[in-house]
Amino acid sequence: MKNTSAFAWTKDDEQIAWLTIDVPNEKMNTLQAAFAEQVTQVLDEIEEQQAHIKGLVIQSGKPDNFIAGADINMIANCQNASEAQALAEKGQHLFQRIEDLPFATVAAIHGPCLGGGLELALACDYRVCSDDNKTKLGLPEVQLGLLPGSGGTQRLPRLIGLLPSLDIILTGKQLRPKTALKLGVVDASVPHTILSRIAADFALKKKAKRKLTAKEWGLSRNPLGRNVIFSQAEKQAQKKARGNYPAIAAILDCIEHGLDKGMKKGLQREAEQFARLAMTPESAALRSLFFAMTEMKKEKGSDAEPKSIDYVGVLGGGLMGGGIAHVSIAKAKKKVTIKDINNDGLLNAYQYHYQRLDTLRKRRIISKAQLQQQMLQLTGVTEFDGFKKLDVVVEAVFEDLNLKQEMVKAVQEQGKEDVIFATNTSSLPIGQIAEGAQKPENIVGLHYFSPVEKMPLVEVIPHATTSDETISTVVALAKQQGKTPIVVKDSAGFYVNRILAPYMNEAARLLLAGEPIEVLDEALLDFGFPVGPISLLDEVGVDIGAKIMPILEAELGDRFRSPDVFQTLIDDKRLGKKTKRGFYVYKGKKKEPDQEVYTLLNIKPQSQLSKNEIAMRCVLPMLAEAKRCLDEGIIASERDGDIGAIFGIGFPPFLGGPFTYMNTLGEEKLATLMRNYADKYGDRFIE
């Protein structure tokens with residue numbers, strides 16, 4: 001065996017070379033700049049013995065991952081575009097050497113095969129993957145504001161055709177084994193136990209390239225077909241990205257250039273565009289977010305070790321309760337008991353759980369047997385039957401302080417001695433909910449966002465006497481549910497709702513001043529939010545906003561006083577999407593601004609401001625409030641504030657979050673902006 005640290009190879013009796021990748025002292029394989037010399041040495045040795053080798057299998061020495069991608073620190077270490085381009089060219093050169101070997105090369109894939117890992121696999125003649133749920137293939141570079149820089153933009157379209165390649169590269173989606181096989185990304189998907197044997201069989205085959213179908217050729221290889229596809233792809237992508245993600249145009253350019261000018265020039269363009277993107281502020285912000293998320297995954301929320309959780313209880317069978325029950329089973333793999341005061345509520349929760357599982361079944365993510373097994377993990381009760389076995393109870397009843405206090409008392413009386421009570425409140429102080437509790441140290445806030453299965457953030461809110469063990473336990477549970485938890489101080493609005501409120505209030509003021517509904521939403525969509533503020537009000541519910549705003553005003557002062565809009569809409573039964581009309585009127589899946597709203601609110605709609613001014617009027621109060629939250633210790637760090645805003649309310653990720661955005665603007669420019677807007681519109685813009 002030739003040992004080169006992360007890369008070692010040997011040859012078996014069938015004259016198959018086995019190249020094993022096993023990065024020392026790391027759980028996951030990642031491609032690092034320092035490995036270039038090691039890979040070069042291994043390839044030199046293999047090429048020297050090529051007359052005695054019939055095929056090559058590339059495999060991982062890790063138990064559950066192939067290659068998770070390239071080490072992102074390599075890009076951060078690049079001082080300029082020239083260094084970034086050299087980095088990409090080095091990867092391209094090494095992978096080209098693998099492609100040029102005179103015998104068949106096979107990637108034997110088990111576990112994540114992402115980014116540079118998939119680009120390595122694409123340089124092989126064949127790809128064989130395990131059919132295990134751990135196995136996922138993808139090119140997620142676009143999510144970091146980059147593009148695949150080691151041949152991915154050139155090899156994937158040539159392998160599977162233009163349309164599916166665009167879908168994979170532009171979205172950064174991860175493919176499961178069945179989908180990868182169907183698309184032709186892999187040549188076989190087999191049980192993990194026989195992966196090596198099947199890979200060896202492929203290694204003994206002749207070198208082969210997949211032939212595109214006539215339809216794929218027509219779309220990919222002739223200029224007319226290509227022009228149609230690229231034109232449509234650019235329109236669709238930019239409609240979604242609104243020019244805020246330069247990686248999208250760069251990806252389209254690289255693929256089109258390669259198909260038009262050939263592989264060599266395509267690779268050159270790929271390296272150039274990779275280097276340009278690596279230097280953009282958008283990529284820097286997205287990579288910073290990636291590092292923040294990676295760092296946060298290691299944190300427990302406190303110094304205490306979390307308790308083991310097997311059984312979870314949920315109080316309330318509504319949308320929130322049903323969603324919490326679902327992720328506790330489907331993601332966290334817990335057994336759940338859900339309690340509601342009547343069977344209708346329980347039925348709603350069962351249906352909610354079933355419908356989401358059935359969606360997974362239809363997408364072939366789970367089998368029918370797995371669906372049935374996960375349905376059996378949910379038990380519904382109308383009394384406190386079985387609560388003695390529950391480790392954590394998550395309360396998701398109405399926003400009523402007395403009711404929540406009653407739930408605390410009942411659970412601590414009916415449950416096990418050390419049961420944790422987590423309240424999913426969006427506005428009520430956790431300390432007040434814990435008043436009179438037998439064990440206040442076991443009470444904590446756990447604020448989910450709707451819809452639970454889609455929204456990634458959870459706010460963990462300890463009150464003054466919540467124990468460290470309680471904090472670390474619910475943080476661990478939230479992570480198991482697939483959530484990103486941030487620990488925030490017990491104060492009105494916590495963090496996310498507190499910074500959202502002034503943003504929404506400013507949008508309402510703009511509406512009352514005559515800015516049309518669709519113009520307001522478009523302005524913030526252009527800024528980078530996934531949903532405009534008026535649409536968001538409809539989604540959340542006008543009545544919910546009306547309940548939260550007075551609480552914030554009472555606790556935090558006049559700057560949270562909301563315009564006189566909400567009650568008028570509520571009196572007219574305009575609660576938003578759930579009642580089919582709010583600011584918009586909803587017909588099936590379509591919506592349009594309801595012109596009657598203008599009459600109701602005595603508004604003459606006429607746009608007076610630029611979209612940029614509209615956006616800044618809404619965003620600046622949010623930034624000011626975020627800074628106050630940090631100064632008051634509501635959040636522990638700028639990092640937590642950025643993550644909370646991005647994953648809780650959709651603050652534009654390419655800006656890095658409110659604090660990264662403020663740092664990018666600079667203290668002087670931000671202060672000038674605030675003063676200018678304060679002079680025009682009022683003191684609420686002054687920090």
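Here the Cβ of each residue, glycine as well, is placed from N, Cα and C on the backbone.
Copied over from Swiss-Prot, here are the features:
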- 1-191: region 'Enoyl-CoA hydratase' (REGION)
- Glu119: site 'Important for catalytic activity' (SITE)
- Glu141: site 'Important for catalytic activity' (SITE)
- 307-687: region '3-hydroxyacyl-CoA dehydrogenase' (REGION)
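The Cβ neighbour count for Glu141 (site 'Important for catalytic activity'), using a 10 Å radius and every protein chain shown, is 28. Glu119 (site 'Important for catalytic activity') and Glu141 (site 'Important for catalytic activity') are 11 Å apart (CA-CA, integer value). Taken together, the residues of the region 'Enoyl-CoA hydratase' (1-191) have an average pLDDT of 94. Around the Cβ of Glu119 (site 'Important for catalytic activity'), the same chain contributes Gly91, Phe95, Leu139, Pro148, Ser150, Gly151, Gly152, Arg155, each under 8 angstroms and 6 or more positions distant in sequence.
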